[in-house]
Each structure stands twice: as C-alpha cells, then as structure tokens.
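First the structure, in the form of structure tokens, and then the observations on it.
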Amino acid sequence: MPLFALGINHQTASVALREKVAFSADLLLDAYQALLAQPTVLEAVIVSTCNRTEIYCHLKQDNCDEVIKWLCSFHQIEDHKLRPSLYCYSEYQAIQHLFRVSCGLDSLVLGEPQILGQIKQAFATAKQAKGVDKIVQKWFQHTFTVAKRVRTETQIGANAISVAFAAVCLAKQIFSDLSQSRVLLIGAGETIELVGKYLIEHQVPNITIANRTLSRAMALVEQFDAQAITLGEIPNHLAQADIIISSTASPLPIIGKGMVERALKARRNRPMLFIDIAVPRDIEAEVSELRDIYLYSVDDLQGIIEENKQARQVAALEAEKIIDGCIVDFISWIESLKAVESIRTYRQNSEQLRDDLLNRASAALQNGEEAENVLKELAFKLTNKLIHHPSLALNETARSGNDDELILLRNALGLSKKD
C-alpha cells in the first residue's frame, strides 16, 4: 500500500523556487483533476504554503516518479532544476513526515500552530476535489489526532519564540484578560501585522493603529476592524490605551516621558504597558522611571524568546516520542487491511464452494435421489474441500520443522495443543 510524501520546503529550496512550485487557490481544483488523472495516483492531498509545497499520496506503485514528472509539467519547470531540492519519502518516513509537519516540528518557527490549520484546509480541498478515499482519509484523521495529542500533552506551543508572539504573551501575563484591554499599535509593518493577528486570536476588541501614512494603516484597519490615526495624533489617543506595542523605522523616539506623564494623569494613574520592539527604540528609556508604567524593549523579549526556544526543544523531543508511537499504531492499521482483504477472499471462496455443492445437491434431489444420501454426500464433500488447503499447510509446515509457524497455524485453525 504505497504511501508517499514529496515536495520542497524552506530547508531545501529558495524562495524563488518555492514560488514557482506553489499552487494558487484558483488553480487547485484543476491541479487535482490533472493529478488524479495520472494512472498510478489513487489518492492525493496537496499542501501549499509560503514555506512548503508538498503532495501526500497513495499510489499503485512503489515509486513516485510519475508524480514528480507531473509536478514539473504542471508548473512548467525542468526536472533537473527541481530534483536537487525535492524530497520523496515513502511508507514509514512519509507517515512520520506528515505527523511532524502537522505538529510544527518541521516549521521555520518550531512548534508554530498555523501549519495544522493549513493542512486541515488542504485536506478539505482534497476531499472536495475527490482526491481522498479510505487510506488517505485515515492517514489525515490520524494526523489530526496526533497533532492534538502533541499540543495537549507537551508544551510545544506554550512558549513564544517570535518577537510578535512574545509581545502578545507578555501583554497577557500583565493584563490576564486581553478582551478587556485597549491596544495601540504603532507602525504598520509585518511585525505589527503579526501582533495584530495574535491580538485578534485573544479576542482584543479595541485596536488603534498609528502610522506615518494612513494608507498603509488602512489595510490593517480592515483586517482587524481597527481605528487608524497618524503618528501626530498619538498624544490625543495615548491615555485611552492600556497596551502600547511599537515597531517603526523611525530614527528618533516617537513617545517621550512627558507625553506618557500626561497620559497617566488623564488615566488617573491606571497602569500602562509599553512594548518597544523597534531598533532604534520608539519609546524613550526614561519612560520606565514613571510609576505604574511597564516598559519592555526588544532585548527583554529576546531573553524571553531564548528561554522559550530551549523549552520548545525539550517539548519537541517529547512530541517525537508521541509521534513514534502513533506511527506504529497507524502502520498496524494498514497491516490489518491485508488481513481484511484475505478474510474477504477466504469468505468469498467458501461461499462459492457452498453454493456449488448446494446446486449439485439440489439437482440430485430433483433427479429423485434419496434425500439422506444427498445430504451425506453434501456434508462429506463440503468437509473435504474445506479442510483440504489447511491440511496441506499443516503437512508442509510440520515437514519444514518450523515449530513457531506450526503453533500459529494450529491456533488459527482452533486446534488445542492436546489435539
């Protein structure tokens, strides 16, 4: 039952190559139609993110050359340009790879949770495209169970290891319920956008975005249902903010001690948290001298991040142990399918034998033969035919001298040691 995981990721391929092999959402259904039309492809799921493009598939044969050729053809890229960056795992390694990817163990940021959501979406799209049947369905269901176990039983996602995530986690430590907090974000770059996404995940209802140009801020306003202001308007809004997170490219501080003093007075000294993740700093260091002010710099966050990286490495080792056990469980299920097929065939053969003998017996009765004789002959022939192959197997096994196999065969036939 050949299972494969093939593709490229941030570890094996440049951004330029990953862009060429990425599947845009509007082309995915066409891609599935073409992929599933390949003679050897039984089932397939395409996972395409900014950091990886992978195909998880169930094939008729024991190599994935046809899928690789299709991938090159679909994206119009020459084979020799893709192969050096391509990995192709089969069976145990393929199962392990999907489990590790879903748990964030193969991500650029160790343990990041977004990849699981992306895999779930990819699986849903594959089902929509008729790319999923029994084997891949079970594979991915098992994958989601593994990822849930890893998240529940380890601390893989509990410790922030990105500046943006660390900033939000720090805010949550100081203001335990962020859903009651007002947040001012200063800047509109990638880091602030990521901070905004994490804040939304924590149900922060009131976000204001301050930026030098309103046009860039407006893009985030729509994304986060926020309010936009210019940097010059910050003094008028600062007192309303409980949490201020700043990340701009300004060469000079944007917030000074005097501005914060006035805001504190207007707030009647209710605490304020300032997180400055800009270099050079956006907030004057003297702000930390004020009472009821918590000021953290990017260096403070880096210290937290380094500690958390070590904690995640420990959690990753625990996750690998869980994954190893789950691989064994899934492979056992796959192996059990072989028995299911054998049982089905054995039953079909037995039923066919029964039907043939019944038809002969019925014909004999219609020809006027004695019912008792017909039944005796039916029972005799049925018994002989049913025990014929097991008897041959017992004889051959006994002659081979393989006692373990003989015991196994006897147990399968329901024979006790005394028989």
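Placement of Cβ uses the backbone N, Cα and C atoms for every residue, glycine included.
Residues or ranges marked as active site, nucleophile by Swiss-Prot: Cys50. According to Swiss-Prot, the feature substrate binding site maps to Thr49, Cys50, Asn51, Arg52, Ser107, Glu112, Pro113, Gln114, Gln118. For Gly187, Ala188, Gly189, Glu190, Thr191, Ile192, the entry in Swiss-Prot reads NADP(+) binding site. Look at Swiss-Prot and you will find His97 tagged as site 'Important for activity'.
For the binding-site residues Pro113, Gly187, Gly189, the largest tally of other C-beta atoms within 10 A is found at Gly187. Under a cutoff of 8 A between CB atoms, and with a sequence separation of 6+ in the same chain, the neighbours of Thr191 (NADP(+) binding site) are Val163, Ala164, Ser247, Ile277. For His97 (site 'Important for activity'), the same-chain residues lying six or more positions away in sequence with a CB closer than 8 A to its CB are Ala5, Tyr89, Asp106. Residues Leu185, Glu193, Leu194, Val195, Ser247, Thr248 surround the recorded NADP(+) site, their Cβ atoms falling within 8 Å of the Cβ centroid of Gly187, Ala188, Gly189, Glu190, Thr191, Ile192, which are themselves excluded.
Apart from Thr49, Cys50, Asn51, Arg52, Ser107, Glu112, Pro113, Gln114, Gln118, the residues listed for substrate, the same chain places the Cβ atoms of Gly104, Leu108, Ile115 within 8 Å of the centroid of those Cβ atoms. Here the CA atom of the residue listed as 'active site, nucleophile' lies 21 Å from the CA atom of Ala188 (NADP(+) binding site). Looking only at Cα atoms, Gln118 (substrate binding site) sits nearest to Cys50 among the recorded positions Cys50, Gly187, Glu190, Ile192.
Of all the recorded positions listed here (Cys50, Ala188, Ile192), it is Cys50 whose C-beta has the fewest other C-beta atoms within 10 angstroms. For the pair Thr49 (substrate binding site) and Gly187 (NADP(+) binding site), the Cα-Cα distance reads 26 Å.
Largest Cα-to-Cα span within the substrate-binding set Thr49, Cys50, Asn51, Arg52, Ser107, Glu112, Pro113, Gln114, Gln118: 15 Å. With respect to their backbone Cα atoms, Ile192 (NADP(+) binding site) and Asn51 (substrate binding site) stand 21 Å from each other. Every protein chain shown contributes to the tally, and the Cβ of Thr49 (substrate binding site) ends up with 19 other Cβ atoms within 10 Å. Asn51 (substrate binding site) is surrounded by 20 other CB atoms, counting those within 10 A of its CB over all protein chains shown. Here the C-alpha separation of Glu190 (NADP(+) binding site) and Ser107 (substrate binding site) works out to 19 Å.
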